[in-house]
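Visitor: Copied straight from TrEMBL:
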| type | residues | note |
| --- | --- | --- |
| COMPBIAS | 1-21 | compositional bias 'Basic and acidic residues' |
| REGION | 1-41 | region 'Disordered' |
| DOMAIN | 77-324 | domain 'Deacetylase sirtuin-type' |
| ACT_SITE | HIS182 | active site, proton acceptor |
| REGION | 359-392 | region 'Disordered' |
Amino acid sequence: MGRAERKAEAREEIVRREQHRERRRQISRILHKPATERSPGERQLLQNYGELVQELERQRQRRERLRGREQEVVDGTEILQKKVSELADSVREAEHMVIYTGAGISTAAAIPDYRGPSGVWTLLNKGQSVSTGDLSEAEPTFTHMCIARLHRAGLVQHVVSQNCDGLHLRSGLPRDATSEVHGNMYIEVCTSCSPHREYVRLFDVTERTALHKHNTGRFCHKCGGELRDSIVHFGERGKLAQPLNWVGAVKAAKKANVILCLGSSLKILKKYHCLWGMNRPSSRRPRLYIVNLQWTPKDAVATLKIHGKCDEVMRLLMDELKLDVPEYNRSLDPIFSMAVPLHPGEEASHTRKLIKAAETPNASPDQLPPLSPQGLSGGWFGKGCTKGRRKK
């Protein structure tokens, strides 16, 4: 085939594509009209292009379904109370309960979620800018304190968090009962030491880090190796033993007979098959309870879906369980006792604001939040979940 013929074919292909696009636009305009307002010629056109009409109708239904999933639903007062009572019965009867948390539990701390009406991804998809507050001012929410209280009461054995805000640590939840599977913004790690050495800081250590770029610009006080953050970005595989603690998460999931999901869309966690016990016989699978205002991909298999804000649901739950919930007290925040001071000369290695300490009251030892038996260094190694890639 000569050059002139190839050019002619290319021009014909361009014309065909443009004609097809114009036909799609024409059919779409007709479909937007009420059926009673369509002319005989338009009705005939729809009949002539039946396959295209079906394709456009499927696309319309898919768009409506996606919009519906983004809508927030709120249960009425009576329905909410009834659902929480059912959840409370399951919590009391649970032999091994784990909680999976998402960004929705931190919105009360002025930290944006991802897929809510004002969430990060929602605004970005609309072309709007996202304002980020000063996370050093954030404090554990009522829900964080409830979770720590449930653990102290022996009703919750493990918490798997997708959040990087460090608020579970600051609520007093023990490190060995927590898996921060996407990292902690206050922790940097030396991977040259064995076992890995953790440095808990009072500032956000991620100032200089990004996707596939994790060195923080500081160095290990023991071996001099470069420190890295613990954050798992989208598309990365989390390999650190701590604070990710995948081993703890998988062990807890294998034992769980009740799973409570709080404030998570579950669009990421659903990919971690090791967390759901779906490989067990159906009669032995954990009962799943979901607290979220929007649709999640696990709704269809949930024992109960509660449409409510996390703080409100947890307030009702703690009342049902007759458990008091202590208010967050900054002077008892364990991050201050765990933090490792910078070495001389490292003060200029960051510009992030420090978490402000409060005056320490005269607290008895039993008032102080529990510290991890592992101290500051990660002590768990081994195989965890085989699905460790975070995607959106």
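Using the three backbone atoms N, Cα and C, a Cβ is placed for every residue, glycine included.
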Visitor: Inside 10 Å of the Cβ of HIS182 (active site, proton acceptor), count up the other Cβ atoms and send me the figure.
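Guide: Its Cβ has 20 other Cβ atoms within 10 Å.
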Visitor: For the region 'Disordered' (1-41), find every same-chain residue at least 6 residues outside the stretch whose CB is under 8 Å from a CB in it, and list them.
Guide: 49, 52-53, 56-57, 60
Visitor: Go ahead and report the DSSP secondary structure tallies for the compositional bias 'Basic and acidic residues' (1-21): helix first, then strand, then coil.
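Guide: When I sort the residues of the compositional bias 'Basic and acidic residues' (1-21) into the three classes, I find 19 helix, 0 strand, 2 coil.
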